[in-house]
Number of protein chains: 2
Amino acid sequence: MSLPPEFALIARHFRPLAGPGALDLLDDAALLDPPPGRQLVLAADAMVEGVHFLPADPPETVGRKLLRVNLSDLAAMGAEPLGYLMTTSLPRGVADSWIAGFVAGLAEDQRIFGLSLLGGDTTATPGPACLSLTILGTVPPGQALRRAGARPGDAVWVSGTLGDGALGLRVLRGELPGDAEGHLARRYRLPEPRLALSRALRGLARAALDVSDGLVQDLGHLCRAAGCGAEIEAAAVPLSPPARALVEEDPARLLLALTGGDDYELLFAAPAGAEAEVARRAAAAGTPVMRIGRFVAGPPEVTVRGRDGAPLTLAREGWSHF
Amino acid sequence: MSLPPEFALIARHFRPLAGPGALDLLDDAALLDPPPGRQLVLAADAMVEGVHFLPADPPETVGRKLLRVNLSDLAAMGAEPLGYLMTTSLPRGVADSWIAGFVAGLAEDQRIFGLSLLGGDTTATPGPACLSLTILGTVPPGQALRRAGARPGDAVWVSGTLGDGALGLRVLRGELPGDAEGHLARRYRLPEPRLALSRALRGLARAALDVSDGLVQDLGHLCRAAGCGAEIEAAAVPLSPPARALVEEDPARLLLALTGGDDYELLFAAPAGAEAEVARRAAAAGTPVMRIGRFVAGPPEVTVRGRDGAPLTLAREGWSHF
């Protein structure tokens, strides 16, 4: 009695990803002894072909992006990765080589970030590939970074550079100059979860999240959670050299850095006066950070000021699926 | 600054499902203090519209089935429910009433089974609805039921009745007589996770799983895990009265009870001679059980014997997505 094709596929491709507790993916569920003295941190994000990744994206980066957008949720909480479960709904005719590439990408990032597959499910779909991942992490009790907690006067900080992902998507779609091997396309396909930085900010950052739907919209989440507003300087928003070149060519593209999403950078509040300490911890974590504005008393609104100090009017604040 | 539509949808529909640790679905992840002195049990199952449920199925039962197929994985391990994360990829034009019904079904089953939503993600898809759920449960350390452990001579037991789900699907498709409000269709739409029975079998059952892909195929999983074979009597396989009526009309339909899947009954091994104890515990759990065969020495093959004792030849052993 040989294995049905579905289980042969799981054994061939997914079992090598399985870690302790996964029971070789042979049981109905995984068994995990929770690490003593830690809180669990749990998040789940889905990616749909044609919505969150492009059909032509290499399967390796699709797997890595799926894991990384979830790792970025752990980063937003200051947590450390523990393991993950994954469900993949794939078109019935999916090439074996696509699955092999997808799994190879996951395997590489498992090594880099130190976690492994605990379990999941593989199904067919008549539609586009639909991938869902649930990530588990841990944090010392009471030390998770939260969205609520910013206070008027706190500085608004962001890691890395913004807009690369949104610009990279347009490069890959042929709407902007550039190629699929360039920095921007790579940033769209392979975000960098800011795990080291977020751990370093425990006890210092008053609030944090990861920018996934656009800087202005996500900063609005911090404002609503805090019951205050925020003002940022458009000119202070950090751009990569290729992004800066595109924005200098057409300043309207700056809006993509402010509202485009797919950044997976850490956005956080830190007390005024803590600039040197933030810089010191970020440098120790090897992650560039930039102060881009401040939280202000008032309604939960985000004001973006241009070079002349006047507020910019934004056509949209960020991404919404509905 | 009002909430973007996606977040308004989450606040309106999903936040009422959120339990302790979910942080009102306002953070990037949930925070959970693992219950002391317990092992965690983790499983994830996806459901795709047109594959695992029908477009015309009421959204209430779609939500409940999504939760119940995952609860059935906890039952397979003898675990108790703790919480769940869910990602929903929905067609952009999905009716608000569909989401409301889906959530109402989840809310009802949260009350019945004693668990709540911890987190997740809501995205759009250009394809059919794609739903993924990760469930967390707990079990006393070392007491989980596992797939491996059956020994030659052990009895093969199954809970409830088999074939109802597979027959119900054909009723709903109009391929068999019956209606959408009948027992079979209801069993397709609303499986019954055998949580009370599985807890009662801890320490007695030597191996267990839930029948999701077909009795013969899933019994094959127990055989492979144990390194032995199994023989079952087709006539002993428990059928509900409506299923029995359909099988008497056309005996070929018995194959659906043997290989059709969508049963979510507990299949388990118990030592020969433990019949009375199994029956006692099952009665206390309020769940009917039936002894349908035994494990035998030999290769991991499943033999199904007809009324004359001769092995039946099955065109297929169960469901495979690929």
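Cβ coordinates come from backbone N, Cα and C, glycine included.
Remember, TrEMBL labels are computer predictions, not curated facts.
Of the residues proposed, B:D73, B:D164, B:D262, the one TrEMBL records at the same Mg(2+) 3 site as B:D28, B:D210 is B:D73. Classification of B:D73 (Mg(2+) 3 binding site) by DSSP places it within a helix. When other Cβ atoms within 10 Å of the Cβ of B:D210 (Mg(2+) 3 binding site) are tallied across all protein chains shown, the result is 26. In terms of Cα distance, the binding-site residues that sit within 10 Å of B:G120 (ATP binding site) are B:D28, chosen from B:D28, B:D45, B:D73, B:D210, B:D262. The two recorded residues B:D28 (Mg(2+) 3 binding site) and B:D262 (substrate binding site) have their Cα atoms spaced 34 Å from each other.
Within 10 Å of B:D45 (Mg(2+) 1 binding site), counting CA to CA, the binding-site residues B:D73, B:R147, B:D210, B:S212, B:D213 contribute B:D73. Proximity to chain A, taken as a Cβ less than 8 Å from one of its Cβ atoms, holds for B:D73, B:D121 among the binding-site residues B:D73, B:D121, B:D262. Taking every protein chain shown into account, B:D28, B:D213 are the binding-site residues, and of these the Cβ with the most other Cβ atoms within 10 Å belongs to B:D28. With all protein chains in the displayed structure included, the most crowded Cβ environment within 10 Å among the binding-site residues B:D45, B:D73, B:D121 is that of B:D73.
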